[in-house]
Every structure is written in structure tokens, then in C-alpha cells.
Amino acid sequence: MLLLAAACIVAFVLLLYMVSPLISPKSLKLPGAHVVVTGGSSGIGKCIAIECYKQGAFITLIARDENKLLQTKKEIEKYSVNDKQVVLCISVDVSKDYEQVENVLKQAQEKLGPVDMLVNCAGTSVTGKFEDIEVNSFERLMAVNYLGSVYPSRAVIATMKERRMGRIVFVSSQAGQLGLFGYTAYSPTKFALRGLAEALQMEVKPYNVYVTVAYPPDTDTPGFAEESKTKPLETKLISETSSVCQAEQVARVIVKDAIQGNFNSSVGSDGYMLSILTSGMSPVTSITEGLQQVVCMGIFRIIGLFYLGSFDSIVRRCMMQREKSESADKTE
């Protein structure tokens, strides 16, 4: 009887693997495609642009710093695979004026054709204790990290639906899956992208347009180096529990998941576990993905509780050390 049950389970799993490719979206072909990358002058955004250019795409780079854009353009053009490829640079703040964002994207589409894939990578970070962070920092981060993704997406979505094809990528963060000490201003903006992505995916899926949310871990970028200068001790100690990834590695994973139409994009074993743990009611790209979530959720929750316990221990230990130090200073 047990053998029969085991055979049925194996047969069911094999059937899911066979059926899964039939219901998954067709991969987007990058050769000749028009890819727009916001925040594309450095870090993960630049590496994503390079990865797409290597595969034959036409690139529109959007960022605020015109000098950085021109330097990045020269760097990307070294990876051309044919003489027809173009890198277009546009200097604009994607978080301030929707009409301006809409106009520059119209200009880009007039030059390079309709946008096949939009990668929303513009973002910034501020770390610190909740009561120490300036109130205007909360407003600024929400504008850049959230509205800076809403505006470009809003500008291209209608054309994608009309063409019945397209990809939209939101680059969130592992801090958009798990709230951590020191990220009270940053985490909510990245969590917001998840809600936007889930609602938008439900709207556009019938039109063969697919949304990807990327959750990169700590990544070796200029932004991460700048952020590390102001991290509280607790945040630094928690960050040490995971390794820092290279931007090129993260970019390859994001591009691969985006062209395949995967909703979740994560890097490494920790990233995979977090994606399973936080899947909730998020869309799945295949039956196989859903099955993995069902099977792994319980054991990953147990592992996750150990992580949370260790994080709480770090915070408590730092608090006690700080109080002891303050008490010693008062007695001197």
C-alpha cells in the first residue's frame, strides 16, 4: 500500500514537471529588443544593462547624473554583438514629475521602438534607528524607491498591453521581504513594490505581460558602500550573517528570471528560502514552483525562526552593551 502511494506521488510530481512548461510564459527574446533600465548608471542597473546588451538588446539608460550616464554608455558599448545596437541615455529624475517621465519614454520609443522590457532599478537607502532618521528621509525614499518605479511603469504599460507582450521588473531587496533593524525608512518602500507588482500582474497577465520582483541580497555596489558608512552596529552584525554578492551575478539572475516571466527573482540559498517563506498569495509562474512552496514552507519556517532568534539576540546584546557603556560614563 505504501509503495502504491509512493508511486502515485512520484507520478503526480512527474506529471507536474511535464505540464509546467505548457502553462509557463514564453521567454522574451532579447536580440533586437528594447530594454529600458532606470538607475542604470551604476550598480545593479548598469550590470543589468550590460547583460541585456550582451544578448543583443537595444538599451535606454535613465538616471539623474548625465556624466555617469555617458561613462556607462561607453562601458556598455564595448559589449556590442552587432553594429545595429544602440545605447540611448536620458538624464531625468524618475520620482518627481510623471509627465516628464512619460515624455522622455515616448522619445525613447520613437528612437528605439516600443519598450519590450522595463527594469525599475532606481533607488536609494537610508539606515538608522527609527527615531534618529529625519522625517523628510521617509518621504524621499518613498518617492524614489516606490514612485520612481510607478511612473516609468505607468508610462509603458498601455503599449505593452496593446502589443500583447512585455516585461516589467521591480528591483526590490531582501529588506523588502523581511523587516530588519535600521531599515525602518527603506524596508517599507521595498515592501510596497511587492504589493504593486502582485496587483499589476493580475491586471496584465491576460495580455501576455509579465511582472518580476527581484529581491537581491547585500550587493557590492557604490550605493551599498555608501549605505554601510551609516549602518547602526546592530544592522552591521545582522548583515554579517550573509555574504555580499557581486552585482554581475545578481544582474544575470534578474535578467534570466525576467525574460522567462518569473514573478519572483532571488539569489542564493537564503534568497530562495525567503522567497518560499514570503510567497503567501503571490503569483506563481509554474505548477512546479507552487509545489516547491507547498513542500518547503514548513521546514523553511523552522529555519527562519532560528534566524529571527539570532537577530533578536544581536539586538538585545547591543542594547545591553550600550546601556552598560552609558552607565559607566555616568559614574565617571
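Glycine is no exception: its Cβ is also placed from the backbone N, Cα and C atoms.
Where the annotation comes from TrEMBL, it is an automatic prediction and has not been curated.
For the ranges 62-111, 262-311, the feature annotated in TrEMBL as coiled coil maps to 62-111.
Across the coiled coil (62-111), the model assigns an average pLDDT of 95.
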